[in-house]
């Protein structure tokens, strides 16, 4: 019979529980030039293990931050807490108080509670405003860009003097024109008109076309445009020079020509009886 070995000579396989954290295995790569690179051996699935609890903490942190910002946003949206500002540009007559009143904006100002569309629509009803644009220029600022209606002419009304803009809209009424430098449209008297009314009379618009063709300095030169005779409209300077405009055609061109002729007469010191702003053949009638 074969030789028997004692039972105790067989090695016993021991299973020892390793309570220490596992360490990533490392391998050496030896290059031809003798360099040795030590790097971690990848796991069987080719990826490093990701802690489930670590990822959960990141998600909880992100959700907490989102919830905090959401609560701050709701607080600003629902409660009268001051936030942001309204900036006004392009106007000399409209103040911040006017914008708040016309736009029905409560104080303290909170731009998150303001609809730019509604604010713009409300401001268009102010007759002092020619055009308006409302936009959010930054997360903390609402910009209100305004173009004022400018008075360019005045007329005699039934009870007061009527001030018109370039489109013939009544923007102001006053009992006196003392200190005013706007040309007066004569030859037609208005009845009872109200602020915001837009005049549609053809003769008045012909006179406005002439006035709109003048420069700012030209408006200061002319004191009157008479539309009483539709076949021979007349303009008068503050120095007493009369300008024949004939009928109401090409009034903007005639305005530029008339302004140039008046300036030329002043520069040369001429004494004239009248000027004829004929586009084909301008004429200066000298006094004898």
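Cβ coordinates are placed from backbone N, Cα and C, and glycine is handled just like the others.
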Of the residue ranges 61-83, 84-106, 107-129, the one that TrEMBL records as transmembrane segment: 61-83
Residues in the domain 'POTRA' (82-149) grouped by DSSP into helix, strand and remaining coil: 18 helix, 25 strand, 25 coil
Within the domain 'Cell division protein FtsQ/DivIB C-terminal' (154-276), residues counted as helix, strand or coil by DSSP: 35 helix, 37 strand, 51 coil
